[in-house]
Structure formats: structure tokens, C-alpha cells
Amino acid sequence: MVSIRSVPSTPSSLAAGDFPWVIEHREDRCTLCGRCTAVCPVNAIKLMYMRQRMPKLVLSSSERGSSFRTFVGIRQRTEVANRCIGCGTCEKVCPNQAIRPQPNTVSDRHRFVNTQGGEAWKRGGRRNEPGPSLLDKISFNRISMLTDPALDAGRHEFSVNTLLGRVLSPEEYLRRQMAGEWIPPVREIFPFIIGSMSFGALSPNMWLGLLQGVAYCNEVLGIPVVMATGEGGCPPWVLRSPFLKYIILQIASGYFGWDEIIRAIPDMQCEPAAIEIKYGQGAKPGDGGLLMWFKVSKMIARLRGVPEDVDLPSPPVHQTLYSIEESVMKMIQSMSMAWDFKVPVYPKISGSNSAKSVLNNLVRNPYASALLIDGIDGGTGAAYNVSMDAMGHPIASNVRECYLDLCAQGKQNEIPIFAAGGVGKNGNVTQNGLALIMLGASGVHMGKYIMQAAAGCLGSEQNRCNVCNVGICPKGITSQNPKLYRRLDPDLVAERVAETFMAINTEMKKIMAPLGRSQSLPIGMSDALGIADKAAADQLQIKYVC
Amino acid sequence: MCRLALKTASEPFSPYTVLQAMEAMQEGYDGSGLGLLLRGLDFTDYSYNARDPVFSGIAHTEAALHRFNAFMQDRGFDLKYDHEFEMDLFKIEATDRHKYILRVFKTPKAWKSLTQDEIDLEMMLTRLALRKDGEENGGDFTAFSFWPDVAMMKEVGWPLDVGEALGLDSHRIKSRVCMAQGRQNTNWGINLYACHPFFIQGIASMTNGENTAFLPIKDWLSGKGFPGYIGYQSDSEVFAHILHYVVKQLKLPLEAYKHIITPLTTEALKDHPQGDFLLGLRNVCRRLIIDGPNAVIASLPDETCLLAMDAKKMRPATIGGKPGEWAIASEMCGVAAMIPDRDPSLDYQPMREHTIIVPPDRQEFQIWSQFDQFPLPQAA
């Protein structure tokens, strides 16, 4: 046996087979062009010289028995920092299909040693819980037959829009109308909303593409899609453009970007769709926002009013907070006042057992316009892995409980509940969204799905890619590096946004028509839902079907 | 599909004529039941004062009848007239019909100090208390209505047979308005309460087709906390309750009903003279938007009758008649059976935006379109 020191082994030593993604390289196909190594965002592969023994049968004893050849080949690096993230960019650029990453289904030992330097694992992306989500398992069972024939999704008129804003009770509306008093602003919007992704988390090209696509949906397709900014402000030219009406501006605990926004108010051509006050986020509940220094470019620094190249962590709570009631009341009122009480203002919270008490607080606040609840399956640009995987509350039962609570008070039309967190995480976006709507949500926010559908985000539930936090997004979606984000053509993103919403619009009709619904969005139509899971059916108060 | 027939006339007529119209429309329904509402009552055996409340219901057992008697006595209702049906129980499928009740009472003296709204509430609460009492005793008592000038009957079976079983062919009861519906609710369990017409505080409605938005509407109405918004054994009961909510609670004109159950689209409202108001009304009453192929036929305490279509206009309904006498039915042959001597070329089939209103004078019916200007000070 050889001495222990001759084996290169440290506690953190890994072999290629220990990583979550293993590079599969076919030397017989490789032309050694080097594109894969040049493009790999984490330098997980390297070109190296290798030596191979060439055994041969020799009859003459004066010659040695073997010869060697030297050749150049691709190898996966085994340093923790250079783990393959499975993004597959190497595969895309390979002219000869010689290389691809494969998920390691045997053992991922990397997760035990990725705390190098005492840093807990941080990443971007999603929760990494593969398999169908609970929302995926819900089916729509109340099919119209005989007395109420199913409708024709292609021919009937459908009204699929939802309302964002405080809706008065009918009695109060009529009274205020007679008295000429203030009627809270209400927006009629498409119920699938592009969720908060900040200008900072997203690249300029991604942002521009989304905005172009949203404008096209509104102005050409007649689908009133709105998008939320996330924390970090909004480009000054957008604030002063007529496109602002498609944008929900978010204010979060770091207040990043709000100097620009407040300064732009006098020059605004129209009002924003709404103001979202972020108190919590589903992907990392109880944690503030985080933009890591890699992404704080000159432009982002200017927009947020901060120096370049510094981490930008938002605190977990708003600094004005003395009590949640006071904070909610003050912030909602201040924001309403800033826009002359013409813009809906609503809080966003993470899914939580305490969501109901927040909701009841809002019901009593005449200026609160809605409540957005973000569930555990939400995504983020940067967070600790433990927060993303383990913290939070699944969205379905949280929304359902809140909705039933409003029903008991007869207030379900007054405070719309919006749901987020895992909508479309496996691609079933319309089915997931409408399931939540029939459980009681007035609409859904989706972030990851839009990144995947509109820009080709590579993230998957198998911990693929997930490097949004460090600004090396191989698609250029979440990077502030021009070399990377120029890979993303904003026009093509816009085209995909339009295609995505056209498809969602059609799918909504294909779900609503067999249920005999066309006149209004079927919010709370829980008699249409079924699930083959008795416990879930009981909890959600929907039908158990098998 | 349900068949519906409503006849309204200045001169009281026998409900049997409406049942004959149901017979004329027999091809379209399964004849599983009959629901009947009479308004503007006229008894051959009794000179009825239209202010006195009338109770309609069924005592399924003798014990239930005794409880009912004691209940009414305890609350100070003096019996003025007990209409004895010339019953032929063999013609009725059900075996637990001890007594069909149609009794006229005198309002308690204690109610003299009450306002009309309070009296209306008390009458409804009395009906609900009787209904609850029946439900708590294994369903041995059914309470249909308790209201001045209104009588109701509901039964399982072929409509004409039921009419004969109740002796309606003897013409001892007549009315100026008669609503009839010929089917038991088949979407849910068979239940007499699930049979149209539905009744609440003098307002009654019946509908054909199914309302697929039933559950969210039911949830919203239940959440209002109004004691009468209960039941919902049928998805169509919400039509009556929405009408009640619009007329009695919001005190809006009848035209608002259509704007609430089937509001115009945002694009249409942009061109409407009162689009802003109606858009706001649509938003605040959003949970009351119906969704179904429905024709809603209703009548109000002042004998106004109404016909409104759903926004998809997927159910038929026709109105026809002559001054003083109008008939609304889900099929033209039903109108013809009720008023044969009319000019059929003047019959009218409302479209998706229409509400037909027959005012109490019955001289002509009004065709009101949602695109018309809306008569309301709030909308000015």
C-alpha cells in the first residue's frame, strides 16, 4: 500500500462523480475547439494534457514493452468553487455534441463541503423540490354537462381579467357616489402578473424585453398584463414614459431606488399600476433582499443611489417599523398620498401561519388595496440555501385559509388576495394559476416561469444553474456584465412574453369553458376543484377524487 | 331543462291555466316536479284582505301540524282562513304529505308599532323559524312562504297531475300573477326547497339552466349575514336573493339587476353614458355576476314581473299577450297556451342585453336595454 501522503486527499477533496452535475465528455467526438471551456460560467472544465500508455507486444528484449502518447482533452475540475452547475452552456456551444452535464443521481457529496471559508451556501434560483407540486395535482372536475352545456373556448366571449385595488361594499360605494366622496382606485388587470424581479437582479436587456413584451400585450393584444419591479427602483426613462401604467413599483426595506422615483413624480405622464410594499418574500421569508456586489454595476449604483461593487442587503424589516399595524398603516397611507390616492397600494408578505392576522389588519385599513402572499416555492436572485429550501409556507393552504376567513366576514370582494410562489414551477402555469384562483386568489404572480418561458432561464428543480446571485448567468438574464447580457436580445424576449401570455389566455379559456364559466374570473369556485389526496382535499375544502 | 311559465293579468285567473301551458311545453322537460307561486290572491270561499300574511307550506306529520299551530298561536297570529285543498293524495308520489297548508293570518297586535321594514323582517324570520323547526325535526315541516298576498306550492311529480292532486282544477284559488316551474332540481339532491320559484320577502324568481358561478355567489351572500340568505339547495336560489339584495337592500331600480348579474364589458361601458358609475357598480358587485345559460323570470310584491337573459343568451324565453294580460314562458307554445287570443307576431324574445319589465298596470311591457341610459341619481 502507498503512503497516505501520496493520495491527494483533504477533507474537502472531491472526485468528479461527487458533484451534483457530472460532465460527460466523449473524446472520440471532441475536436478540441475549446469553446466549452471558454464559455463555462464557473470554469468547471479545463483543457489539459494527458498521457496514455500504449502497450505493445515486443519480442526484442532491448526495447521497452510500452510507449506513451500525449494528448489534449477535457476534464471536470474538482475544486468546490468550480463545481459544474449543470447549465449546459458547454453542450450548446459544442459543434460536435461531445460534451454535456448529467445530473448526479447517485451521491452529491458537494453539499457537505460547500461551506468553504465558513460561508454558508448562498445561491439564486429556486427551492429545488423536484416532482409535481400540490398545485400540479389539482384537477378541474366540475365539467358542464347537459343543463349547462360547456362553452366554446374559441368562440364565446370571455372575461378573464381581475381587479387590483380596494373594492368597496356595494352599500358604501353607492353612499360615497351620492356624497361625492373618494372611491378607491381599482385596476382591471390580467390575473397572471409578472412578479417582482428587480432592475439589478435582472439584466438591462431582460428588463427591457419584459417591458416591451408587456407593452405589446396591453397595446396590441389587449391583454392587460402588468409587471412588478421588485426592490431597486425603475429606470428613469420608464418612470417618465407612458409605459409606467403597466408597472407595479415595489418599495422594500432597503428603499433602494426610491429617490429616483420620488423625484420623477412631477414628470410622470401616468400613474403606476400599483405600489407594492414588500414585507416578506416567499423564497427567503423573514430575510431582506440581497443584491451581491458582483451585480452592483455603475448603472445599478446610479439607479439605487449607492457606491459601485458593494453588497446591497436590505434589512429584514422596515426601519420605520414600531408595530406592524403602525408600519402598514403609515406606509400605505404615505404611498397613497404620494399619488393623490389614485394608485392602489398593497403589501406583499411571505406565506406564513400569521398571514390571516395581517389580512384582518388590512381589512380594517381603508387604504389597503390587496394582499400578496408569496409561498415557499418562490424564487430569488440571491439567498442562503437554507432559507430557500426550508423556510416558508406552501401557498395553496395559506391562500385558502385567508380566503375562507374573508368569506366568513363577507369581505372577499373587498381585499383581493394575490398568490405567488411556485406558480408554473413545472411548466403548468395556467393550471397552477387557475387552481389558486379557484381556491380564492384574485390573481397570481409568477417570476421563475416568466424567466424560463420568456428568456430561457436554465434553472430547474434539480439545482441546475442557480447562480443568479453572482452575476454570471449564462443566458444573460440576471447579469450586469455586458458580455453576458448582450447574449439576450430584448426583442426576442418581448416576443416570447407576448407568446407566453397569448398561450395563458387561451389555456384559461380552455379551462373555464368546460366549467361553464365565461362571464367573470372564477375566483373561489372551489366546487370545480378536486385532488386525489384526502388530507389535502380536507385541508383545502375541495373534493377528494380518485 | 326546466320549463317556466308566468302569467300576469288584471283579472284573477286559475293557476290551472298555467299548468296547461306547462303541459303544452311537456316535450322539453322531465316533468319531475312542480313549483307554483300565486300573487294577488282571490279565494272563491273567502274574501281575502291583501294585507294579511299568508303562510304556505307542508306539514308532513300530525305532530308537525300541531307544532305549527302552537307556534303561530304563541306569536300572536290569529287564524283568519284555512284553505282546505281538495286533495287527492293518491296522485302524489310522496307518501309523507300529512297536510298542505295555506292559511291566512292576522298580524299580531304587537306589530302595530313596527315600521314596514321591521314587519318585513319579522315575517321572514317567522318563516325561517318554521323552516328551522322542520329541519330540526327530521324534515317533518316545510315552509315555503309567509307573506301577504302570496301562496306557494311545491311537489314532486308530473305538473298537471300535481295540480289535480291539489284540486287546483276546481278553480277555488285564483291569482293575478302565477309563476310555475316544472322540474325538481336535478343538479343536487331532490329537496322541495330546491324547487323553483324561490321566495324571499315578497320577491320570487325562477330560472332555467344552471348557474355555474353559484358557489362564489353563495359564499358572498352568506357572508352578508342577512338571515334570509340561507338555503341554497339549488344554484338558482341566488337569483332570487340577488334580486332581493338589489331591490330591498341597495334600493336600486329594477334595471340595475341586469347590470349586476350580467354587467357590460369594460369596452361597452366606455361608450355608455354612465359608464363610470356602472363600472364601479360592476366592481363592487363583482361576486354577484352570474355565469350560466339562464333566463330569469321574477315577480315583485307590487306585481311587477320581470324577464332577464344571461349574457350568453343560451336559454330561450318569450313574452306575449295583450294589454291587461301577459305571459312569459320558456317556449313559445307555453305563451300560446296561456294567452291564445293574442297577436303572436308581437311576441318578443329578449336578447342578451334586455330586461323585460311588465309594470303592475299591465298595459304594455317595457324592453329595457343595458345600453340605455340608467335611471339613477347616483349615476348622474
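The backbone N, Cα and C atoms fix where each Cβ goes, glycine too.
Keep in mind that TrEMBL annotations are predicted by a computer and have not been checked by a curator.
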Site-mate of A:Cys30, A:Cys33, A:Cys36 for [4Fe-4S] cluster 1 in TrEMBL, selected among A:Cys84, A:Cys87, A:Cys94: A:Cys94
Rounded Cα-Cα span from A:Cys36 ([4Fe-4S] cluster 1 binding site) to A:Cys84 ([4Fe-4S] cluster 2 binding site), Å: 12
Long-range environment of the domain '4Fe-4S ferredoxin-type' (A:21-50) - Cβ separation under 8 angstroms, sequence gap at least 6: 70-77, 81-87, 89-91, 93-104, 464, 467, 472-474
Composition by DSSP (helix, strand, coil) of residues within the domain '4Fe-4S ferredoxin-type' (A:21-50): 5 helix, 11 strand, 14 coil
Segment-level pLDDT (mean, integer) for the domain '4Fe-4S ferredoxin-type' (A:76-104): 94
DSSP residue counts for the domain '4Fe-4S ferredoxin-type' (A:76-104), split into helix, strand and coil: 8 helix, 6 strand, 15 coil
Pairwise Cα distance for A:Cys40 ([4Fe-4S] cluster 2 binding site)/A:Cys94 ([4Fe-4S] cluster 1 binding site) [Å, integer]: 11
Listed in sequence order, residues with CB under 8 A of A:Cys33 ([4Fe-4S] cluster 1 binding site) and six or more positions away: A:Pro95
Sorted by sequence, non-A:Cys40, A:Cys84, A:Cys87, A:Cys90 residues with Cβ within 8 Å of centre, [4Fe-4S] cluster 2: A:Trp21, A:Ile23, A:Cys36, A:Val39, A:Pro41, A:Val42, A:Ala44, A:Ile45, A:Ile85, A:Gly86, A:Gly88, A:Thr89, A:Pro101, A:Pro474
